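Below, the features straight out of TrEMBL:
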| type | residues | note |
| --- | --- | --- |
| DOMAIN | 16-104 | domain 'Ig-like' |
| DOMAIN | 118-198 | domain 'Ig-like' |
| DOMAIN | 201-298 | domain 'Ig-like' |
| TRANSMEM | 303-324 | transmembrane segment |
| REGION | 331-365 | region 'Disordered' |
Amino acid sequence: AGFIKSPLSQKRLAQDSVELYCEAIGNPIPEIQWWFEGNDPNETYAQLWDGARQDRVKINATYNLHSTSTVSIANLTSDDSGMYECRASNDPDRNHLSKSPKVKWIRSQANVFVIERPEIVTQVSESPGKLILSCNMSAPHPTITGHKWVHGTKVLEKDETTSAFTSYTINGKKEEHSGVYECVYEADPQLRGQVNISVVPQVTAYKKSEHGNEGDTGVLICKNPSFPAVATWSWQKSGHGVSALLENASGRYIIKSSGNVTELRILKLDIEQDTGDYFCNGTNSYGTGGATVNLRVRSRLAALWPFLGIVAEVLVLVTIIFIYEKRRKPDEVPDGKRGTWPFSLPRKSNATNHKDKNVRQRNAN
């Protein structure tokens, strides 16, 4: 047997987790075992198994073409510091109780150093038009080579100072910048502090005005973009000067809430009963916020009104044309019989017609 990949020594903070990886090859496929020796001078190697140390140790192994094994330890303590050894062997007698294996186990070692986590004191200070976030790490602490301020996956600011204190300034109102911010200390291992900007729920409606057709299902949505998340949601409808609390048990209302989003579905919309203002209210540990959604329910025939209006206009125009044609004087000659300008000739006067008649009579005599 031989190693393809060996475990690597690592530094970790208390309460973090660590993972060691080992990979071996041979014919037949070798077995992999994990052993541990603590920092106590009197301590000897002891084999690790899946579920050890109050189920904090997890071992996964696969044997397909070659052997791979991973040991992970959660919620580290100082007692987890020490030497971890990956052993591999494909000798048939490797696990025999009385026989010594012909080929000894090959071994690969890695040290795990568990460092006590220093305390990081965080604070949010408010001043007119700005917020100041700060982190201060207590001694003793590892060597610091820089800082970063992170919000979600976005890096807001970074520096290369070595101070245990770091701060970040936000311009704007507290309600506009709520959320989870992290101060990251660049060290070995890396250290993080969490700064929370918490506010009353800033509830907003997905749409301030919704429309629905009679008999269909109406959907109203509210959301809370602020931190912390809403713990409880409620819906109310205004009517006759009072607000009625809406519940799923009513049959026509279905309320689905998940974290920072709530949805109200109204089955079989009714023009008289369901038209009006609806209020969504979200509550967290800092208070309650709400928003209003106006619902308008239209008749199913509402979509036909524009078409019927066009038809009515056409009928009125046709009627006007028909009446105009009926009232036209019978002796009027339509313009089409006079020819089309500019080829049409002007009509002759009565005097000219009488003169032309006399000339034709003389020529006949």
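Yeah, the Cβs are placed from backbone N, Cα and C, and that goes for glycine too.
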Calculate the per-residue pLDDT averaged over the domain 'Ig-like' (118-198) and state the result as an integer.
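In the predicted model, the domain 'Ig-like' (118-198) has a mean pLDDT of 94.
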Mind tallying the domain 'Ig-like' (16-104) by DSSP state, helix then strand then coil?
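Within the domain 'Ig-like' (16-104) the tally stands at 7 helix, 43 strand, 39 coil.
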Based on DSSP, tally up the residues of the domain 'Ig-like' (118-198) by helix, strand and coil.
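Final tally across the stretch: 3 helix, 50 strand, 28 coil.
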Sort the residues of the domain 'Ig-like' (201-298) into helix, strand and coil with DSSP and give the three counts.
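Split by secondary structure, the domain 'Ig-like' (201-298) comes out as 7 helix, 59 strand, 32 coil.
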